[in-house]
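Per TrEMBL, the features are as follows:
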TRANSMEM  40-62  transmembrane segment
TRANSMEM  82-100  transmembrane segment
TRANSMEM  106-124  transmembrane segment
TRANSMEM  209-231  transmembrane segment
TRANSMEM  297-319  transmembrane segment
TRANSMEM  325-343  transmembrane segment
Amino acid sequence: AVGAAAMEEAAAHNGSAAGAGAGAGTPAAARPPATPEGMALAYGSLVLMALLPIFFGALRSVSCAKSKNSSEMPETITSRDAARFPIVASCTLLGLYLFFKIFSQEYINLLLSMYFFVLGILALSHTISPMMNRFFPANFPNKQYQLLFTQGSGESKEEIVNYEFDTKDLVCLALSSVVGVWYLLRKHWIANNLFGLAFSLNGVELLHLNNVSTGCILLGGLFIYDVFWVFGTNVMVTVAKSFEAPIKLVFPQDLLEKGLEADNFAMLGLGDIVIPDLRSLDSAPFPYSLKKNTHTYFYTSFVAYIFGLGLTIFIMHIFKHAQPALLYLVPACIGFPLLVALAKGEVTEMFSYESSAEILPHTPRLTHFPTVSGSPASLADSMQQKLSCPRRRRQQSPSAM
């Protein structure tokens, strides 16, 4: 829920408090002014990090779609899920706010740190695994393992966990654990960003919108959610500043002065990255459903995201106040592709397009069900006769192929 948090305070100085990232040790009022160069570097880096999940998430989601393993297929978000998500997010956000008000912030963040420590290691290991495979030598002793956890016995036995991995995965897990320990002990902003990018990439890769209408419902609901909790109350900003977990990307505005120990951060919530990215990726396959080999809608959504995020930073810098990024991202990510569809006369096709109806090349499709009758013995004899009879290969016409 906090992933859709507002992009935190604009210029860390100039009359407003800085986004207090993890490990910030100096009060905002005592910090020196952020230089124009430092602010430009911080905001430019945030924009660049926000764009990375679009490209790499798109490549990973395509590879999952081409995979023959159905367990790796993206999870589809339906219209009902999209309509329910802002309500669940609001309840979670308010619950976190009350927890921080009632209980000690130190103990809550300790529990959250341990929770995200485990999740971050798994997400980062899954993210770097395809890249690390290129660095292993050909003669690397790669053994296969399987983690199987079942419940019951005999015929009533059912699988609870069935996870297959190899030695290379264990090496990636060990490297990710080093980053996890670094984050747990130091809460360093680089470790935070590594985990944050891993969460974003996995979210973009594993989630999928089934149609444009679902994307509009999701973005519209989160638009209201983000604006209300940022402008209507102080809940969003309070939780975002108190929540010491890698649910946001941070970059120091005083990096040029203090180096890696900088502590004056600008922030961007992961929800402001993942949610609009899902809409961008949802636009990508639409032209191919119209037999048009073009990336027009994907590039349009990509430009819209850059425009919306840039406008967020500009408004935040002018008014010196935290801004709900979805206030600017949602109109841009919906409006830009819609204008292109209006110009090309494809609005009806866009909203009637159902990406889940696309049949992947590897997916078998059963067009009719055969009639089966007889005893098992007679069926076995029939199958043996069919296998023993030579069959001629039937030539298919071009239209059938």
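The backbone N, Cα and C atoms fix where each Cβ goes, and this holds for glycine too.
What TrEMBL says about a protein is an automatic prediction, not a curated fact.
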Result, the transmembrane segment (209-231) in contact with the transmembrane segment (297-319) (3+ CB pairs under 8 Å): no
Residues of the parent chain within Cβ reach of the transmembrane segment (106-124), under 8 Å, 6 or more residues beyond its termini: 99-100, 173, 176-177, 179-180, 183-184, 187, 194-195, 198-199, 201-202, 242-247
Residues of the parent chain within Cβ reach of the transmembrane segment (82-100), under 8 Å, 6 or more residues beyond its termini: 1-2, 4, 108, 209, 214-215, 217-218, 221-222, 224-225, 229, 235-236, 238-239, 242-243
